[in-house]
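Colleague: Handing you a structure now.
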């Protein structure tokens, strides 16, 4: 036998053990269920793409982080670093067959050779949904509704979707004669939530070269307050006369009205003109989502509308709107909020192997419970009961079914609630139905 | 604007459009549900591993097919080519923390630079489940039960799990004095189902150098017939005196008895001594699963028991047993059998945008249906109804809800069954409840 190879993962990569993977699967399932309920369809694309596809529209930063190599056929290839570039390539290639509007979700891993010192991972999962091929505001409204339904389904009660429209910002810059400096103005404005008004005002003056009165006008945005209608009313005079700005305002107001009409509580969607979301990509609606109890972690779901998804690959004009759920960030948040159940097993019921001669009877009972929709793990070896219950405790089962010689003789079963420690006796004579009823009652409690 | 980059995928890779992805997600979901019902937990491992991890136990063939390169830090890395090597590395690294028995499932993509002329893909999904750290036959029995439940849950009624035990084969070779030639004997025997008895007999004589009487004795295995108990009875004299063979026989008989006791129909599990499943890896139970209506596609779920999973990485002895579902093969089989629903949308209900002034009312109705658990896609633009229904038809929706000015005025809604073409009128006055009831009735039909 040669020397052992040290079992280890690459820096920036990680294993998901059951205790981490069970919540991730649940979160992905929840996102999928919500996306699907709106008619978003799943797609998948290859992890490996031609290098020219991936570098076609990426930034210098993503280019540098690309995992790239030559494949067996000598082709230059790379691992995808996001799901947007593959979506653009996919849409350019298949949109004739798919037809528009095309609504897709895509939940898959991406890879970036990032600096791990910033706590980043080099492999992580993205969870995107987009509507391609329509400019209708209906799709923007739906994006907000999807985000709302998503966080409600996750069980988060306190969250706020901050919405804005790039046209509102552009209109303001137009009116102020700051279009040329828009990049630095928006970059400064982006810091509003984190750095505060003073820092932003100073940066506007120095980096963007805005005059005192321009700074004052921009900073008015930071002092808008009240409900959405009040904010819209305050924006109106600031934008009147700018076609772009007025259109942005109309769009924001249509979204705000629509989601109120649908019954979304008004505190869940807040018009926030401080949200700019990057610089080049978005052209209309933009949104970020914050957890009220953990604002410091930043946005956990962000997105917006863009004009032309696939221009690098096709002449076809493909506008779109969509958002991306920050899975990893949200998982740590849920852990911090203590809302994740701690378990390393997806089956709620543990069935110890107690009476060595009765394996087939245990197996039959387990099969009956599964047929009734109750997951059961049967311990494979007739070890001491104490050891088996230790195992069950470590795994986080909800219920154990104790059946020994006495119980078999009496046609009974002890149903042990592993969280309360309480125990009830159920009859097994009637085809396990009584046990099932007993377990369901405990699981519901 | 520079020249367009041609949108294309690499040879051997493919996009999954919704029509292909929806059944794949459903199949993966079904497998997960069954695995979880037995207490198998999800895990995940990185797509990229240190090259030495991947080449540690692979064969020359897998080594040749490995996607390998140097990463940004100059490390030699590779894309995983299966989920077994990562499981071995994972178990060696974490088994102290996880404890045994450890039951995991892992559903993820793997990559092999295969020759695509054989119709193989270079990226494909594996769907494995394994129990690590126990030698108990309970785990072997459970593997068979999982496979049975899996195919039942998929809705396949005619399938047969062919089970064997490597100890039975080894015992026979022992008794025949053919242990030295076991590799070529098993390789010949593996061809029984495909090539027939004559070819196998000839190969045994030539390649394995078996004598006439040895060939005759081996070929007896091919002529065993009857139910499992009858086959076991016929095997007994062939193996008596070989400890290995007798142990294999006992194990096979325990499995056969247990699954009969659980109530699995006897025709679903067939003892088949022609199943050898590769050569080095398996040490006890082996199984392959065939669809009775499509035997030609080969096994769609295969697995078995192995002695020492992680010996390349750790001194810890980790026996295990598990199987792998052939997702791609099964998906083509289901398509060939015509059991897959043809749809490109996961939402059953289509809501056309008919009356341009009532967007928010449509959105509210859609939200009410979703709250009742019914997926709805709302068309984002008030196009001509005919165009919208064409779209719905192409996507494969089950039901369309037609609401125009007349319907709104009357507080009604036309519920159109898109498969039958029939239409019913439902009241929308009572909070959409009547519409929901009507839709559910149509969806159930």
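Cβ from N, Cα, C; glycine included.
Since the structure is predicted, the reported quantities are computational estimates derived from the model, not experimental observations.
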Colleague: Let me know which member of B:68, B:112, B:247 TrEMBL also records as binding L-histidine at the site of B:82, B:83, B:84, B:126, B:130, B:277, B:281, B:282.
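Modeller: Between B:68, B:112, B:247, TrEMBL records just one in the L-histidine site with B:82, B:83, B:84, B:126, B:130, B:277, B:281, B:282, namely B:112.
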Colleague: Where does residue B:277 (L-histidine binding site) sit in the DSSP three-state scheme?
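Modeller: In three-state terms, residue B:277 (L-histidine binding site) counts as coil.
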Colleague: Please give the L-histidine site's span as the largest CA-CA distance among B:82, B:83, B:84, B:112, B:126, B:130, B:277, B:281, B:282, to the nearest whole angstrom.
Modeller: 23
Colleague: To what whole number does the mean pLDDT across the domain 'Aminoacyl-transfer RNA synthetases class-II family profile' (B:1-352) round?
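Modeller: Mean pLDDT, the domain 'Aminoacyl-transfer RNA synthetases class-II family profile' (B:1-352): 92.
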Colleague: Any same-chain residues 6+ apart from residue B:126 (L-histidine binding site) with CB under 8 Å of its CB? Would you list them in sequence order, or say none?
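Modeller: Looking at Cβ-Cβ distances below 8 Å from residue B:126 (L-histidine binding site), excluding near sequence neighbours, one finds B:82, B:83, B:106, B:107, B:108, B:109, B:110, B:324, B:327.
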